[in-house]
Amino acid sequence: MTVSRDSLVLIHPAVTQQPELLETIEKGSILSETTIVAQYLINKLNDGTISPDDEKYDVIYYVTPEKPEAIQFPPKLIPVLHKTLKPSGRLYGLSDTLKVDALINGFEIVSNNGSEYYWVKESREKKAPVSISLKGNMKNGASAPVALPSFKKLNKTQPIGSSPSAGLAVSLKKLPTFKKLTKKVSAIKLTDSDLEDDDDDLESDDSANNSKTKFFDDFDDPETGDSIDEDDLIAETEEDTITMIQCGKSKQRRRKACKDCSCGLKEMEEQEIESRRAKQQQVIKFSEEELTEIDFTIEGKKVGGCGSCALGDAFRCSGCPYLGLPAFKPGQSINLNSISDDL
């Protein structure tokens with residue numbers, strides 16, 4: 001007679017939209033062999049609404065629609081599930097993403113070539129140490145084991161290779177001993193010869209510095225060394241990278257051309273001014289039909305440009321050019337006094 005095992009089912013909130021997933025797992029080979037005692041949403045266990053008993057379930061199954069590599073499970077619930085499981089109990093539904101937390105909290109990970117994956121709670125039973133008898137077994141006429149050789153401590157006064165009664169003693173060599181230095185080390189005093197050597201070193205350094213300054217003075221001298229022009233350092237190419245507008249006569253950059261400019265800068269400025277004036281002279285001109293479309297004071301124009309509204313209409317369509325204006329007669333002058341009531 002097999003003993004029934006109790007199981008606990010933890011459900012991810014997203015499984016409520018996929019009830020067929022829960023039915024498939026309950027009919028599977030794992031939960032079908034157990035008695036489902038309780039089913040809880042994982043968020044109720046996470047916020048502390050439900051606290052399961054310790055060592056109550058043999059199997060805990062976590063049902064989630066997430067992929068194994070994308071499972072997001074609260075790590076703080078792993079020790080809680082460890083307490084809830086019985087010794088050697090199994091936890092299904094999690095993956096290697098929480099492998100470290102599982103090992104820390106006392107789980108063993110079992111994976112059968114990817115076909116079955118679960119965590120097992122380690123049993124608290126520890127194997128008793130096995131005692132091995134060193135005495136020989138004398139049953140069935142077995143011969144007694146050979147005794148191990150025994151050794152004696154060497155006596156300092158006993159000669160090697162002879163009995164203690166021998167008169168000769170072996171003198172053991174002692175280790176050398178050292179004494180602590182008690183004298184104070186006197187400070188090293190400088191002699192006159194050492195001071196003279198230092199003076200010689202300073203003089204050699206001064207002579208080296210003087211030779212360096214003399215070299216640079218000779219290099220900067222215009223009589224002995226040629227000066228380098230800055231323009232010579234720029235490589236001349238077919239297309240110069242430096243572009244700057246300069247006056248051909250004064251060779252200076254100016255915002256405006258000078259009076260007697262002959263480099264063409266003045267002509268360029270005049271062309272720019274003429275082009276600006278030409279654009280300003282282009283005034284928008286309307287034809288007579290366009291003017292009648294805009295001018296609503298022309299006599300004989302009873303219908304607006306929309307073709308449906310008249311000048312005297314108080315309510316006009318959205319496309320009428322008279323929209324927003326009061327009803328008036330053609331040729332009537334409009335002033336603020338005439339439309340004060342409408343305002």
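Heads up, the Cβ atoms here are built off N, Cα and C, so glycines get one too.
The feature region 'N-terminal SAM-like domain' is assigned by Swiss-Prot to 1-188, with sequence analysis given as support. The annotation region 'Linker' is assigned in Swiss-Prot to 189-240 on the grounds of sequence analysis. The region 'Disordered' annotation in Swiss-Prot covers 195-228. The annotation compositional bias 'Acidic residues' is assigned in Swiss-Prot to 195-206, 218-228. What Swiss-Prot lists as region 'Fe-S binding site A' is 247-263, and the listing cites sequence analysis. Residues annotated as [2Fe-2S] cluster binding site in Swiss-Prot, with sequence analysis given as evidence: Cys247, Cys258, Cys261, Cys263. Annotation comment: Swiss-Prot describes 306-320 as region 'Fe-S binding site B'. Under the heading motif 'Cx2C motif 1', Swiss-Prot lists 306-309, citing sequence analysis as support. What Swiss-Prot records for Cys306, Cys309, Cys317, Cys320 is [4Fe-4S] cluster binding site, and it gives sequence analysis as the kind of evidence. Annotation source Swiss-Prot lists motif 'Cx2C motif 2' at 317-320, citing sequence analysis.
Feature annotations (Swiss-Prot) mapped to structure.
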residue: Cys258; record: [2Fe-2S] cluster binding site; Cβ within 10 Å: 14
residue: Cys261; record: [2Fe-2S] cluster binding site; Cβ within 10 Å: 17
residue: Cys263; record: [2Fe-2S] cluster binding site; Cβ within 10 Å: 16
residue: Cys309; record: [4Fe-4S] cluster binding site; Cβ within 10 Å: 19
residue: Cys317; record: [4Fe-4S] cluster binding site; Cβ within 10 Å: 13
residue: Cys320; record: [4Fe-4S] cluster binding site; Cβ within 10 Å: 19
Integer Å distance between the CA atoms belonging to Cys320 ([4Fe-4S] cluster binding site) and Cys263 ([2Fe-2S] cluster binding site): 59
Residue among binding-site residues Cys309, Cys317, Cys320 with Cα closest to the Cα of Cys261 ([2Fe-2S] cluster binding site): Cys320
Pairwise CA distance, Cys258 ([2Fe-2S] cluster binding site) versus Cys320 ([4Fe-4S] cluster binding site), rounded so that it is a whole Å: 58
